[in-house]
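These come from TrEMBL:
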- A:12-33: transmembrane segment (TRANSMEM)
- A:45-63: transmembrane segment (TRANSMEM)
- A:70-88: transmembrane segment (TRANSMEM)
- A:94-117: transmembrane segment (TRANSMEM)
- A:124-148: transmembrane segment (TRANSMEM)
- A:160-182: transmembrane segment (TRANSMEM)
- A:208-230: transmembrane segment (TRANSMEM)
- A:242-263: transmembrane segment (TRANSMEM)
- A:270-290: transmembrane segment (TRANSMEM)
- A:296-318: transmembrane segment (TRANSMEM)
Amino acid sequence: MTKLKQLRPQLLALAVVLVLIGLISPGFFSVTVQNGRLYGSLIDVGVRVAPVALLAIGMTLVIATKGIDLSVGAVMAITGAVAATLVADGHSVPVVLAVSLALGLVCGIWNGVLVAFLDIQPIIATLILMVAGRGIAQLITGGVILTFNDPAFSFIGSGAVLGIPMPILIWLAMGLAVGLLVRRSALGLLIEAVGINRRASMLVGVRARFLILATYAISGLCAAMAGMIVTADIHGADANNAGLWLELDAILAVVIGGTSLAGGRFSITASLIGALIIQALNTGILMSGWPPEFNLIVKAVVIVAILTLQSPAVADELSVLRGMLRRKGAKS
Amino acid sequence: MIRARYLPFVATVLIFVVAYALCALQFPNMLSFRVLGNLLTDNAFLGIAAVGMTFVILSGGIDLSMGSVIAFTSVFVAVLVRAGVHPALAFALALAVSTSFGALMGLTIHALKMPAFVVTLAGMFLARGAAFLISTDSVPISHDFLKQLKGIYIQLPDKGKLSFLAILMLLAFAVGVILAHRTRFGANVYALGGSEQSAELMGVPLRKTMIQLYAFSGFMAGLAGLAYTLYTSAGYSLATVGVELDAIAAVVVGGTLLTGGSGLVLGTLFGVLIQGLIQTYIVFDGTLSSWWTKIVIGMLLFAFIVLQRLILLVSERRAAIRASSGG
Amino acid sequence: ADLTVGFSQIGSESGWRAAETTVTQQQAKERGIDLKFADAQQKQENQIKAVRGFIAQGVDAILIAPVVATGWDEVLGEAKEAEIPVILLDRQIDAPDDLYLTAVTSDQVFEGKVAGEWLVKDVGDKACKVVELQGTTGSSPAINRKKGFEEAIAGKSNITIARSQTGDFTRTKGKEVMESFIKAENGGKDICAVYAHNDDMAVGAIQAIKEAGLKPGTDIKVVSIDAVPDIFLAMQAGEANATVELTPNMAGPAFDVLEKFKADGTLPPKWIQTESKLFTQADDPKGVYESKKDLGY
Amino acid sequence: MTHDALLSAQGIDKSFFGVKVLDGVDFSLRGGEIHALLGENGAGKSTLVKILTGAYRRDAGAMWLDGQEVEPRSVAEAQALGIGTVYQEVNLLDNLTVAENLYLGRQPRRMGMIDRRRMRGDAATLLARYGVGADPDETLAHYPVAVRQIIAIARAVDLSGKVLFLDEPTASLDAREVQALFTVLRQLRAQGLGIVIITHFLDQVYQIADRVTVLRNGRMVGSRAIAELPRRDLVAMMLGRELAEATAHRGSGATQPDTPAAFLFEGYGKRGSIAPFDLDIRPGEVVGIAGLLGSGRTETARLMFGIDRPDSGQAAVDGQPVTLHSPQDAIGHGFGMCPEERKTDGIVGDLSVRQNIVLALQASRGWARPIPRREADALAERYIKALDIRPPDPNRPIKFLSGGNQQKAILARWLATDPRLLILDEPTRGIDIGAHAEIINLIEKLREDGMALVVISSEIEELVAFSTRVIVLSDRHHVRELRGAEITAEAIVEAMAVPGDAA
Ligand SMILES: Nc1ncnc2c1ncn2[C@@H]1O[C@H](COP(=O)(O)OP(=O)(O)OP(=O)(O)O)[C@@H](O)[C@H]1O
Ligand SMILES: Nc1ncnc2c1ncn2[C@@H]1O[C@H](COP(=O)(O)OP(=O)(O)OP(=O)(O)O)[C@@H](O)[C@H]1O
Ligand SMILES: [Mg+2]
Ligand SMILES: [Mg+2]
């Protein structure tokens, strides 16, 4: 889809982060097969990134329309709570999946309506659900961690197919599905057009409101999936903490992926790599054995470094430099 | 007739007055100077931070680092005072640090052409991390100087007080209003919010303004941190998580557009008061569970925003009709 | 009696906290107390606002579960001036003790110590590498429970804390951090025990241990604090070894002393310490689970 | 080169993405002269202006002001040197008031505080010079391009101590305002200011300029006194070839076809915007719309295209009543519209030229039926060639094209949808004379092919050239309809002056 060349800065950053972690904790790259499934820190990164990766997929589209979705963490909590309740009540997995996804969709549509039809600014529109949503989730669980014991549903979180853990498969599949949906149809182009210049787009007959609504709906759907994975992972719904502050990580992933917060051009693949960078960093910090007081500082410093190298200003300087070197090389 | 650009502000004030009246009808106790004084004192640090946030948002940017900077400042001051530094000196140092931190973020945003959202998000991690490094424990402080400061207040009827913090916040708003509307710096901030590119082509010094702007917001965050330190007589690295979101909500409820370039500093004061009112109402009610508290805050926020949009829509219609029948 | 009592609760960040709220409400109802509840969403400033609101309303007493130890002097001074007695729940504060009637709390350092002492006894002289799942960085239970545990193992050179990271008191993070500990410590074979600052993280860690192909409770011992119902299920299954109870019933004793104080001015002691009881697999986990499961955890 | 000129530049180079846009350009401006900078679309005029005024960095070259070598690194620095500029895209701030726009960065102050009262008063005085009655306290967003253009000029003139650059200042002004501007420019010239003006109207060049410099493909072709340069030679200098003067006053040979009206508007109007009007348009005719600024031409177009909702009247297509409540509705009935404000309403800046060209077609097909890449490439190639869009690179983001070429790309966007009714609001604004002729030819050709066109233009000669009918607007009323032989420049001008209520 997106050309490899355009992904170069993100891939480079990921490689650098991985190498650094490898230096700090040598066992990081060892992947073995254990109990018939892949096992290792690298695999953990792939599994643990699932929620942020899923959120980043939806967030990419929302940000491309010049929006932002702060409610995804709360939507995760809501769908997780509902899924856990249904599972605990003995409903079958397809029913649980259908209801939870539908709920995510409804949450997304709610945001979309506020933004697209009531013209409420995206941050505030989604802040409403961010605040109230966690309350709704707690209302459903009664404030406790709702646990269940249902291997079929837990499979989503800790199962594996052909040795590959389910969460990895889910985010890859979703990334592929949404990526194909927007790039094989005209959705991608139209979303970008709306994000760059909504007025001009509406004047050529692009149904901007509908498109914006759709992106929030997809974001809600992604959040629902993330919520179910987290719930299945711990065999319970923790309405208080599920997805807490994850919206910030998702936004960060999108930005590291190079999609501008001012809307417009986007790349889902790049956002997914951005999510991987963040998660690799998190896992790396855990592996390092440093005291937790350092976690935030390390994270901040690495992210600033990555973004600095990716920033348009530095990229310009670098390309000028590269040009000069090339010219020199040609001369000599 | 009210000019269109003042309408959001007028709508906010109107909503606040009506909401307060409704609350007072239900709980007559709420209509006391004591509650009014509390409303100002309890939200002082948020209000001060929101002044800085208003400028940043007016310029089309955002500052997510505020909550962390407030916590950092409080820990920094507390640890210095514990080590024997005079509070006044500690305050000055803290403000110098927070202001430079803001300036550095402004410089980064400009020089690296990175979005403010991301730079200040990194700043948020950084400031919180720095607070952890100084002390994870909460550090109490007590010093006569602080007691003297807190001893400054204006007595209101029926045990109400206009406390030092409330006065500080009102001063911060006064400075904010003057800065925004009566100085070139303010005009440049509005210009940036309109369009950075156009502002540049009209000769607005982008770099300087950007640095000043985030330095100002850092200063206000620092000042809010001092207010918070006075408020709780302590420094705590886990304090004020997510305050930046409260500040953003206050700014937007106060009628400022997040896209920048339009809004009034004074509107933010009412945005802060509306949030305080919601919380006071919930405390007076006293029957809401933890979750219903969240849901009700969300619903009230929703109601305010929708009401504001409705008032705007209706008055725009009116204006259009008046214009046509007049012309 | 027709007392009106304001209760400023921290929030609803964990199952234990929810249980405390439920128990408090039950206790109030049994005694015919009109309870005004205010949730502070984890923020001290909201708690102060709530206390001020209670004072403005003129309640008869105020219960506070303080989010942090510092910063209470001023508002408690206001309460005192308004002659409203204040009782602290589950956490002490840094303030002159004439500002409140009493504090009903456990001793968090002691909790950590009880957990540590259990481990010391259980491993005897064998070498034991412990990994620690801390609570939220900077929170007082995290700091105190770490301290108590370290005190308990201080003299024992055979017990070392190999790794210590924050799991934010949540299951998800507890599981994630434990996964990385296992990988960092030779597939978990080097780890002899995990000490979690709360049961939720322990439950997450148990899952991580199982998924790594090890037996929690046997290959890696699990000791934690809080005694929420779910840990007893794990104990019953042999997957957890010990937990230290933190009772959610802080309000019961608080209301007792309050009623006495209101009746004849009896001043209670300044600290009413709740019991930090140790539960192991030998303590009828199933029975405890049944008795706890309806308490609103 | 002598550096005794007021402003001079030597050997200016500039490349974007490795493409040389300016190549060793020399330029010199004397005090007390009005100097026209001419060239085709994309020749590099705006880029040169941006470099000389500190908005862009040059790759090579040097510049002198008053014999001193200078190096303005920002517009602010250039302003401090006494250089005032109006850039091609009116760069003012919609969210600020008129007075704030005029005095941004140089507000009158008293005791460190901005003196708002004085600023307001000064603004009113300043605008009065240009005959604009804009309220200094109203936000700029309230005013149409033309008014903003004048405000931008007033601002630049006011802050230019030595040199004034005007990049296509007259593009959206009507004759009366152009004359008001020229009067001011002559006064400034008399005061010794050096003025550089860019325009595509050669009449205006001959009217006001003392000297011209011509750029072609980023190189300087020459610099001459206007007195010794006949029009024909000037055009040849610009284009590098002779141009048959296509826009000569010839009147459209075509008369109204007697096919039935395919598009019918009856009593169509919106309060506060445009009085109810009747309009019928047949396939194969061009309805020209004339009027002074603010007479309601754009409003008429917006209403017809469904951007605004009418509050009276009805519309019919092919005899069937239709509702036109959104652009989608209108497009569904085969309408297309090129808006007048290219930057905000037209281009989608970050998208490529190809994507901009296919956008309208894609929107009408719906998101589920993407235009295959091959088809998009073919469309882009066809229109880039047909309209001579330069550079002919379909992958370049459209924001990097020169203004005139952006305009052509937007035209291409609608042609790609093969509309039945095409509404063009100021289609030749900012277009060089070569392309101007091409667009007029294109309009004729489309008409001959049976398309119905509604063309709004401030250039009366142009309307006379291609219209089969001309509607004249005044004060938001349709006051006059001219047909066939009635269509003359004089008749249009006369009708424009009629007060609206007289209709
Ligand atoms: N910022 C930019 N990035 C890349 N290319 C640019 C940029 N600005 C201008 N160009 C290119 O430089 C060339 C010269 O553009 P310029 O705007 O100077 O032309 P112009 O002579 O002003 O044309 P017009 O009469 O249409 O305004 C064009 O090919 C244009 O595409
Ligand atoms: N010289 C002027 N001074 C003040 N207001 C003006 C002036 N000219 C136009 N306006 C305002 O412009 C608005 C209408 O502009 P509009 O662009 O729709 O008209 P138009 O006939 O399409 O003119 P054009 O397309 O040439 O700008 C009205 O609100 C009118 O009051
Ligand atoms: Mg140009
Ligand atoms: Mg117009």
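Glycine residues also receive a Cβ, built from the backbone N, Cα and C atoms like all the rest.
Unlike curated records, TrEMBL annotations are generated automatically.
Note that this is a predicted model, so its numbers are computed, not measured.
Tertiary neighbourhood of the transmembrane segment (A:70-88): same-chain residues 51, 55, 58-59, 95-96, 99-101, 103-104, 107-108, 111, 123, 126-134, 136-138, 140-141, 146-148, 150, 153, 219-220, 222-224, 226-228, 230-232, 236-240, 242-247, 250, selected by CB-CB distance under 8 Å and a gap of 6+ residues from either end. Remote same-chain partners of the transmembrane segment (A:270-290), defined as residues 6 or more beyond its termini with a Cβ less than 8 Å from a stretch Cβ, comprise 2, 6-7, 10-11, 13-14, 17-18, 20-21, 24-25, 28, 41, 44-46, 48-49, 52-53, 56-57, 59-60, 171, 175, 249-250, 252-259, 298-299, 302-303, 306. Per-stretch counts of Cβ pairs under 8 Å to the transmembrane segment (A:242-263) identify A:45-63 as the leading one among A:12-33, A:45-63, A:94-117, A:160-182, A:208-230. Contacts between the transmembrane segment (A:160-182) and the transmembrane segment (A:45-63): present, as 3 or more C-beta pairs lie under 8 angstroms, all at sequence separation of six or more. Outside the transmembrane segment (A:124-148) by six or more residues, the chain places 68-71, 73-75, 77-78, 80-82, 84-85, 87-88, 107, 110-111, 114-115, 118, 235-240, 242, 247 with a CB less than 8 A from a CB of the stretch. Listed by sequence, the residues of this chain that lie at least six past the ends of the transmembrane segment (A:208-230) yet keep a Cβ under 8 A from its Cβ atoms are 50-52, 54-55, 57-59, 61-62, 64-65, 67, 69, 71-73, 75-80, 83, 96-97, 100-101, 103-109, 111-113, 115-117, 156-157, 166-167, 170, 174, 178, 187, 190-191, 194, 198, 201-202, 242-243, 246.
Cβ atoms under 8 Å from those of the transmembrane segment (A:94-117) belong to residues 58, 67, 69, 71, 75, 78-79, 82-83, 86-87, 125-126, 128-129, 133, 153, 208-210, 212-225, 227-228 of the same chain, restricted to positions at least 6 beyond its ends. With a threshold of 8 Å between CB atoms, the same-chain residues lying at least 6 positions outside the transmembrane segment (A:45-63) that come near it are 69, 72, 76, 108, 122, 165, 167-168, 170-171, 174-175, 178, 182, 191, 195, 215-216, 218-223, 225-226, 229-230, 243, 246-247, 249-251, 253-254, 257, 259-261, 263, 266-268, 271-272, 274-276, 278-280, 282-283.
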